[in-house]
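Features of the protein shown, as given by TrEMBL:
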DOMAIN    A:9-210  domain 'Succinylglutamate desuccinylase/Aspartoacylase catalytic'
BINDING   A:His19, A:Glu22, A:His122  Zn(2+) binding site
ACT_SITE  A:Glu184  active site, proton donor/acceptor
DOMAIN    A:226-307  domain 'AstE/AspA barrel-sandwich hybrid'
Amino acid sequence: MELVCLPRLPRVAVCGGTHGNELSGVYLVRELLRVQRETSEKEKEEEDKKSMSVLTVLANPKAMQRCSRYIDTDLNRCFTHAILNSPLSDKPPYEMVRSRDLNALLGPKGSCEAVDLVCDLHNTTANMGLCFISYSDCDWICLHIFRHLQRQMPEISMRYIHFDVSNRESYSLDSIGKHGFAIEIGPQPHGVVRSNIYTTMKSGVQHMLDWVHFFNSGTTFEGGLVEVFTMVKNIDYPRDCVTCSITAAIHPKLQDRDFCLLHPGDPMFQTFSGETLRYKGKEALYPFFINECAYYEKGIALSLARKKHVMIPTVRVQTEQEEQANKLGFASEEEE
Amino acid sequence: MSSYNNSARFNEARKVAIFGGTHGNEMSGVTLVNLWVKNSAEIQRKRVETKPFITNPRAVEKCSRYVDTDLNRAFSPENLSAPEGDNLPYEVQRAQEINRMFGPKGSPEAYDVIFDLHNTTSNMGCTLILESSKDHFNLQMMNYIKKAIAPASCLVLLNEHPLLKYSTSRSVAKHPVGLEVGPQPQGVLRSNIFEAMRIILKHALDFIELFNEGMEFPPCTVEVFRVSERVDYPRDANGNIIAMVHPNLQDCDWEPLNPGDPMFQTFDGKTIHYQGPGTVYPTFINEAAYYEKQQAFVTTRRETLLASAIRKHEN
Ligand SMILES: [Zn+2]
Ligand SMILES: [Zn+2]
């Protein structure tokens, strides 16, 4: 199998509270911060011998304080190249200011100063289990970390979701790192922390950090096939054409059945007068984000994905010489 | 002409209201009431005038629990008698309006029955909430609903606690009935929860119709869970919670909690056990809205109440 050597990952960021009412991430990052604070100086020296530094970030503290998703606008849509680089208005929305601060702290997006890996923690009201959400289906780092978690946590149902969006158009916090993904875990109501979801998230983050440490320390990770769900389209609720209010709920036969193949003709919605509306697409697809609370206002009742298998290569970290050579290579490329 | 000597007599319950959106992000009630405002055929009964009503429209629009303060705590005598003015919190102004429309609270003109529709993130199933153990009309209604929906079940929560009782929107009526159905996240509409709420309301209205038509309801017993104590999350000096509901307790509303049973799990994995003196029945376990009210769950005790026979006044 092909071997790919990749640069070390010395700086990792773990973020929570990007949506202020998704409480597993909020409380997990707080817990990580508490442990950092209470770690003695001696232990810190030990930590320094580790192969990387971990930055823990509470991304939207004002929204957290209010326990709402956001204050003025959804922070996790504020990291496109355009938004980060356009001039700010006189009274900019809080999240627009915050996204720049975070870009300065963890980015700048697309630059070589950006942190190596951003992991952003989210919760959903949908029954999605643990999902990685990434903009790439060929970021071997993200895919290998995903496979590591799958192996370490076999009791947890886990999927890798791919949003096919270019780096300039990518809009979420995790897009400002050199590598990045969101961990989305559900079902958990917003404004609630459930111990099972929190515990799953905590071990997921621990295994992610372990993997980075092993990788940086020179471990070779065998390649193989990974199942990837590529987002195809969103479907909105049926709505009243005058008031725009919804006229149907997710059908009981679809509710909570995220990632169960939806065939043409399968029940999708149930109107308030009891009528069943069916999936009219031509292709069977995998539904996810079924009945996510925050997506009512975005006009999304569910998303649909196509499943494929991606062959990922064996990876290991570059040696110092390889890294040096790579940098020189970059430099000469830029001169051309 | 009564077959029971000590039948309690009540006036016909002609004025009935169904409140939705007292909490703007509890979607079953909001959706049902909006539906019935457009077309009320489903809730019409003989000899009853049923008014569906959105109590907190601004909170509904924002899809948040409230705008300034919790409407479902705002119907205190102080609030209802406060001098009117724009400087009052929105929900207090609203409480005064609702009291004028459906009350005045405690007066003979007040509505006969108000159903207030709520959702919870707790795994409480269908729960009817009463504010008095002496309201035999309501107790008979509970008995009727329980029988009508069997084999499905619905439980009755009685909040008569001198300190934990609060001044609800429905308290404006002579016979206030809360309906709490879960689990459902705030801001989400689940069809199963929506349908469950709809069915309870159907039976409740049927009961009122039968009563108004003159049916006599014989004495019966009703099992209730009486609110006993509020239990808060463990917190640090800054008031931040340091533990979650333990996985063994999560979703176990109405199941016995015994001394020594796991109750909380701290964020670093330690278990905290229930230390109370005896078995209690917890409910409202891990309700989203109660984090700010310093409540992880309430404990209740099971009780059987006796409801006397009821029939309407002859006039
Ligand atoms: Zn989120
Ligand atoms: Zn409520």
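Any Cβ shown, glycine's included, is placed from N, Cα and C.
Remember, it's a predicted structure, so these values are computed and weren't measured experimentally.
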* Within the chain of A:His122 (Zn(2+) binding site), which residues six or more apart in sequence place their C-beta under 8 angstroms from its C-beta? -> A:Thr18, A:His19, A:Glu22, A:Gly25, A:Ala182, A:Ile183, A:Glu184, A:Ile185
* Asked: Which state, by DSSP, holds A:His19 (Zn(2+) binding site): helix, strand or coil?
  -> coil
* Asked: To test your reading of the Zn(2+) site: which residues beyond A:His19, A:Glu22, A:His122, same chain only, put their Cβ within 8 Å of the Cβ centroid of those residues?
  -> A:Gly17, A:Thr18, A:Asn21, A:Gly25, A:Arg69, A:Asn76, A:Leu121, A:Asn123, A:Thr124, A:Glu184, A:His190
* Should we count any of the recorded positions A:His19, A:Glu22, A:His122, A:Glu184 as near ligand 1, judged by a CB under 6 A from one of its atoms, and which? -> A:His19, A:Glu22, A:His122
* Tally every other Cβ atom lying within 10 Å of the Cβ atom of A:His19 (Zn(2+) binding site). => 26
* Do you know the DSSP helix, strand and coil residue counts for the domain 'AstE/AspA barrel-sandwich hybrid' (A:226-307)? -> 3 helix, 34 strand, 45 coil
* Within 10 Å of the Cβ of A:Glu184 (active site, proton donor/acceptor), how many other Cβ atoms can you find? Include all protein chains, please. => 25
